[in-house]
Amino acid sequence: MAAVAARAGGLLWLRAAGAERRRCGLRCAALVQGFLQPGGEDTAQKRRVAHFTFHPDPESLQYGQTQKMNLFQSITSALDNSLAKDPTAVIFGEDVAFGGVFRCTVGLRDKYGKDRVFNTPLCEQGIVGFGIGIAVTGATAIAEIQFADYIFPAFDQIVNEAAKYRYRSGDLFNCGSLTIRAPWGCVGHGALYHSQSPEAFFAHCPGIKVVIPRSPFQAKGLLLSCIEDKNPCIFFEPKILYRAAVEQVPVEPYKIPLSQAEVIQEGSDVTLVAWGTQVHVIREVASMAQEKLGVSCEVIDLRTIVPWDVDTVCKSVIKTGRLLISHEAPLTGGFASEISSTVQEECFLNLEAPISRVCGYDTPFPHIFEPFYIPDKWKCYDALRKMINY
C-alpha cells in the first residue's frame, strides 16, 4: 500500500519539483564545510564541543542486551526496528538512500529495498506533503528534512495540513502515522543555515508533537514512541551529538513515553530545565553550583516540547523556589517564555526570585562568533548566582 501511494504521489510531485532545487549551491558549500565528507562531522565536533561535556545515561538492562552506539547509530537502530516490525513503514528524504548526510539511514535501503527507503527531490514542502499522503492511507511515513533550518518551506504542510487533518475531518481521517526527523541545533561550524533551533515555531501549533532527545538511549526510545504515536510528530536530533554522544543502547526496540520530563538530578535550591544538547550544559552548571556555591540544583530534561510536562516542572519549582531555563534558540519568543509564563501562573507564591532565561541572542546564528552566541555554562552559572543572591 505504501509503495503504491509513494509511486502515485511521486509522479505528480516530480513534475513540480524543478523550482525547488535552490539548494544545490548550499549543498556544495556543505561539502566544503565537511558535512558530507566522510568523517567531516567527527573533526568539527571534536574541535568545537568545548562548551559542554556529554553525560551518558546509566546502562539500562531492563530492555535486554545493549550495544555501544553513538546518537546517529541509535537513530539507525530505531529506524531498522520500525521497518522490521511494520511492513507499511517507509523512509524518504534527500539522500536517505545512500545513508543520509549524517549516516542515520545507512544500510537500510540495501536491507529493505528501494520501495521502502528512497530519495526525494530537494523540496521540503513536497517531502512533508508526500508523507501526509502516505500516512493518510494508513501506512507509516518517516520523513527526513536534511537540516531543521530547511523545514520552513514545509511549514504550511505541517501547520495547516498535518496538524489539522484529524480535527477538520471530525476524526474520520488522520495522518497520525507521520514522523518528521530533522538534524537540529548548533554544530560548531554551521553558521546561519545549519545551526538553528526552530522548536518554538511549532510549539504554537495544536495537533503535532515536538520531541528533542539528549542522548543515544533517549533518542532511540523517543523516536520509536514518535513513530508509533497516533499524532504527527516532529523529532529534532541534536546534530552535534551524532558522534559526540556515545553510550550503551538496547539492541531490541523499546519506547520512552512522550510528554514526560525526566528529573535526572534531584536538588533543593534551584530548578534547571533544558532539552537536547543544553541538558549537558546545565548538568555542568549544577556541578559548578554545588562545588562553588554549595547550591543544590534539580536538573530536568523536558524531552517533549509539545505537549510539555507542566506537572513535573511545577512540582520541582514549588520545592526549590527558583527556576532557570536554557535553550540555544533566541530569547524572544523562545519556548522558555512559555515555560516561564506557566510556572509564574502556577507557582507564583512559591518563587523566591524572578525566573531566569539563558538563551541564544536575538540575532541570526553567527559563524565565527558561535562561542559567544551559545548559552554556555558560564552564562548559565552567572544567571544562577544572581538568582541565589536575589
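Backbone N, Cα and C atoms are what each Cβ position is placed from, and that goes for glycine too.
When Lys220, Lys230, Lys315 are compared in Swiss-Prot, the N6-acetyllysine annotation sits on Lys230.
In this view, Lys230 (N6-acetyllysine) is surrounded by 10 other Cβ atoms within 10 Å of its Cβ, with every protein chain counted. For Lys230 (N6-acetyllysine), the nearest of the binding-site residues by C-alpha distance turns out to be Gly176; the candidates were Tyr150, Gly176, Leu178, Thr179. Of all the binding-site residues listed (Thr179, Asn231), Asn231 has the fewest other CB atoms within 10 A of its CB. Annotated pair Tyr150 (thiamine diphosphate binding site) and Cys226 (K(+) binding site), C-alpha to C-alpha distance, rounded: 21 Å. For the binding-site residues given as Leu178, Cys226, the lowest number of other CB atoms within 10 Å of the residue's CB is seen at Cys226.
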